[in-house]
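K.L.:
Below is a structure I'd like to ask you about.
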Amino acid sequence: MDKNKIIVFDTTLRDGEQSPGCSMNTDEKIKVALQLEKLGVDVIEAGFAAASPGDFDAVSQIAQIVKNSTICSLSRAIENDIKQAGLAVQKANKHRIHTFIATSPIHMQYKLKMTPDEVIKRAVRAVEYAKTFVEDVEFSCEDAGRSEISFLKEVMDAVINAGAKTINLPDTVGYRLPTELASMIKELSEYAKDRAIISVHNHNDLGLATANTLASVLNGARQIEVTINGLGERAGNSALEEAVMAIKVRKDIFGDLYTNINTPELYATSRLIATITGVEPQQNKAIVGKNAFAHESGIHQDGVLKHQETYEIMRPEDVGVIKDSTLILGKHSGRAAFRDKIVQLGFDKVSDDELNAAFERFKVLADKKKDITDDDVRMLITDEALNHDKIYELVGLQISDCSSGMPMAAVSIKYEDKIIKDAGLGDGTMDAIFKTIDRITGYSGELKDYKVISVSEGKDSLAKVTTRVSFENSQAFVGHGLSIDTMQATANAYIGALNSYLSQKNRLTKNCGHQV
Ligand SMILES: CC(=O)SCCNC(=O)CCNC(=O)[C@H](O)C(C)(C)COP(=O)(O)OP(=O)(O)OC[C@H]1O[C@@H](n2cnc3c(N)ncnc32)[C@H](O)[C@@H]1OP(=O)(O)O
Ligand SMILES: CC(C)C(=O)C(=O)O
């Protein structure tokens, strides 16, 4: 084991997905996992296999597709959870079970209703049982941040003896300050010595998650549990991009400590997650926010023009932000320039079909819009990749509305080589579109969330719509729509959610007879 290597454990697909409104379907999770692999993440926590058949399906598919990163599933210290985790990750090249139980007085007394002794026994049984599925078992003392150090040591001894290789000490409720966590991690790392790797998993309730992660690394932690864009339960987790760049930029402090993260992939990974979840990082978010490398005021601009490092502590290209694109795309650009641009933007695994479909859409867009930005191209490619399950496909949409009239939508949809047309009224234009689509497809969706953002600036910007829709009392499915026309993007996003629901339903029924 290299003492200077910081293992990057990404939990975007598990804790990140616990952010309200951030659930992803299996295809989306696979795309994220492949991008995390490209980013160089050591361990991907692909989900909580026992949580639902959909989660089990996603973890097992990722386990079979990703080759370089270790694939891990979280599980409570409960036999059936561990079994589901073990079965889900078993086909991975490298696999891990991550089992946990809370160790703080407040969690043991009120939530688990267990005595400390019972918790230790349960933890040991969990690790021993997990070892019957995989060699690599991680154990987490949930709410370690509010646990007693002496009890943590007892739990650590017991689970290490049972075979746990990594001990994670989460600050589950983001309570600790960096100096406090640093001393706790120092004491427990020294206590563990070479018996196990000490890991940290910090939440951001006081805005200290990344500070806590870095303080822990400086005090012996050799695994960091992080998420892209800092997604996660409540105020989120420590952001991968922040922790990794701090270690890289501040060599004077971190010395020989390093991660294997391919940092020029950070921005593309962040964009993929934002596009899939529809949750944009705040504009001033470190590393990946829209303003992270923007200089507004004259004195700063003057400084950067004279010498970039006056106001930039890292180069935008180090994190994959391309500031000055040399290739300008427009209506006269051809396929070669388009392909070149998407490679430049970091998409090197786009299939010919996806490229051709995106190129056709690019040409239509270029006819309507003067400047095609990098963000437009990125969205076109991602949208094509996210909407490949075209069970139902929007062919035409016509809407009419006036301030005192009856909103109406006429919709035509392709289904199995047939074009089905219908028209209907609604309480607003969007309602008319949704109701007409429901009538054509025979599925009545319940809209749980709707978001629209403009991809770039200007009146002719592309609209990117993300919907979350539940069908037949299912969980909410995400749909994406992209168009210069917001209503067209809305219809596509709604149909996309239905397609996503139907493909998941088909796959689960085929694989294991489960309902969605
Ligand atoms: C800090 C974290 O992020 S932990 C991970 C959070 N992630 C999730 O919760 C994943 C999504 N969760 C789910 O789908 C569901 O909660 C399930 C399937 C896991 C469990 O559902 P249910 O069996 O209905 O239980 P429910 O969620 O209501 O309550 C949790 C139960 O697990 C117990 N429990 C909680 N953590 C643990 C643990 N680590 N080990 C053992 N038992 C635990 C609780 O005490 C409670 O038990 P009780 O029902 O006897 O009171
Ligand atoms: C289960 C653990 C790792 C967790 O998510 C937390 O404590 O926040």
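Glycine is no exception: its Cβ is also placed from the backbone N, Cα and C atoms.
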K.L.:
Of the candidates Asp15, Asp417, Asp422, Asp427, which one does TrEMBL list alongside His201, His203, Asn237 as binding Mn(2+)?
P.N.:
Asp15
K.L.:
Could you check the binding-site residues His201, His203 and say which one's CB has the most other CB atoms within 10 Å?
P.N.:
His201
K.L.:
Using Cβ atoms only, which residues of the same chain lie under 8 Å from Asn237 (Mn(2+) binding site) while being at least 6 residues apart in sequence?
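P.N.:
Listed in sequence order, they are Thr11, Asp15, Gly16, His201, Asn202, His203, Asn204, Ala209, Glu225, Val226, Thr227, Gly230, Leu231.
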K.L.:
I'd like the per-state residue tally for the region 'Regulatory domain' (393-516) from DSSP, helix first, then strand, then coil.
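P.N.:
DSSP classes over the region 'Regulatory domain' (393-516) add up to 40 helix, 51 strand, 33 coil.
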